[in-house]
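Taken verbatim from TrEMBL:
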BINDING   L108, T109, F136, P137, S138, D139, S192, D221, H224, Y246, W276, N304  pyridoxal 5'-phosphate binding site
DOMAIN    158-275  domain 'Aminotransferase class V'
MOD_RES   K247  N6-(pyridoxal phosphate)lysine
Amino acid sequence: MPPQWCDLNVMLSREFILPSNRDIGAKLPEENADQRCTYLCGNSLGPLNKRSKALLQEELDIWGTRAVEGHFAHPYGRQWMNIADTVTPLLAELVGASEKEVACMGTLTANLHLMMAAFYKPTAQRFKILCEGRAFPSDQYAFASQARLHGYDPNEAIVEMCPRQGEFTLRESDIMDLIAKEGPSISLVIFSGVQYYTGQLFPMKAITTAAKAQGCVCGWDLAHAIGNVPMALHDWDVDFAVWCSYKYLNSGPGGIGGLFVHEKWENSLLPQYAGWWGHDPATRFAMPPRFSAIPGAQGFQQSNPSVLATVSLLGSLQIFKEVGMMGPLRKRSLRLTSELEMRLMKSRFYVPINEVSAQCLLQGEMNAKDGTTRQGQPGFTIITPRDPESRGSQLSLLFLPPNSDVMGRVFGALSAMGVVGDERRPDVIRLTPAPLYSTLGDCERAALCLEEAFKGLMKAKL
């Protein structure tokens, strides 16, 4: 094992506070109860880190001792009126942008609405919104409501691109072909950087280039991409992007969001829903009646950001910075996810994806090429792309037979053994070895526990 890997393991093991098996209610022998659980759920909520905990306590203490003066006089130099400045440079580095192209603000869907209000300008000829099928529901709701706001039927305005029959993820060539075919009628192309359900990493640069070639605006939902995969939004000529920070950025439940606006829009695009925190800070507290926007993304700010939410994010971002940001973390992520994948594929209950027909799954059937039928017999496949360059940290496991109780029973068994994943009913469990705190041992243990869970199911059938 490379020395750098060992050193990083030691460092990161000291930074994060992970629940114990006892904390999560795992049913394990007493000697294992206080060991840390196998936490593979950072795609849903990142764990607490010690720096964020300390920063939060500092701000609570300052609230108690300085009260309102904390906005202007802060013993640690983090004046609350400028609190977002502590995280903006780090966020910009993570997404590949300049600081003026990034704003730490709001929440994911609120930011998405602000961006669509600014960028979605449909006309009679160009009014469609192109997105991936089965996008995160909140995105779907936002797309539909924005279409209706402009007087369009969402069924006509929204083009949801689904995988080919019998497949689970989108082909890049199919995306390019559809953009080329429908481009003149598309106003906005907006995909997830990493698809929340399948874990597919979309080719963001290629999609952006294709969309711009057709005269479309191109935006991205980076909820599952930021802190997970490297990005270069400015260089890729992305128009806008939005994200949350409680997944891979570990800012805590309901943590503050963020957005990106390319600097080319700085002088031609004004916020439609202005607020005082987007006003020029030089005159903000003079309370002028007319709005004077901060140039760039920060002009879209509306209210002062939560100090507690921001410093919680700051603690995690400091760790990102110390380990070298996404370059080293991506290398570590590729190794961890490949290790988990390799161990899962060795299971006797694993069914290769090419032996599973998505259409058959929809019909409640599953056939294997080895001449046997597994209909009714528990098993699983991995619907996340095999190509490491087409995924982030997450692996999505689809349990078989479909629409049965297999996923639920396996999920319960994993929890009882101290493995924390994320269930998506009816048939998917997402397991994510996040590089900031997961280890090769976590990958090994998760695979072993999954095997034991299936063995338990088989015994129960006898």
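Note: Cβ is positioned from N, Cα and C throughout, glycine not excepted.
TrEMBL: automatically predicted annotations, no manual curation.
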Nearest-integer angstrom distance between the alpha carbons (Cα) of S192 (pyridoxal 5'-phosphate binding site) and the residue listed as 'N6-(pyridoxal phosphate)lysine': 14
Cβ neighbour count within 10 Å of F136 (pyridoxal 5'-phosphate binding site): 18
DSSP-derived helix, strand and coil totals, residue by residue, for the domain 'Aminotransferase class V' (158-275): 31 helix, 27 strand, 60 coil
Proximal but sequence-remote residues of the same chain as W276 (pyridoxal 5'-phosphate binding site) (Cβ under 8 Å, at least 6 apart): R284, Q302, S303
Proximal but sequence-remote residues of the same chain as L108 (pyridoxal 5'-phosphate binding site) (Cβ under 8 Å, at least 6 apart): S138, D221, A223, V242, W243, C244, G257
Greatest C-beta neighbour count within 10 angstroms, which of the binding-site residues S138, S192: S192
Between the residue listed as 'N6-(pyridoxal phosphate)lysine' and H224 (pyridoxal 5'-phosphate binding site): CA-CA distance (Å): 7
Long-range Cβ environment of the residue listed as 'N6-(pyridoxal phosphate)lysine', under 8 Å and at least 6 residues apart: G42, N43, S44, L45, G46, A223, H224, G227, N228
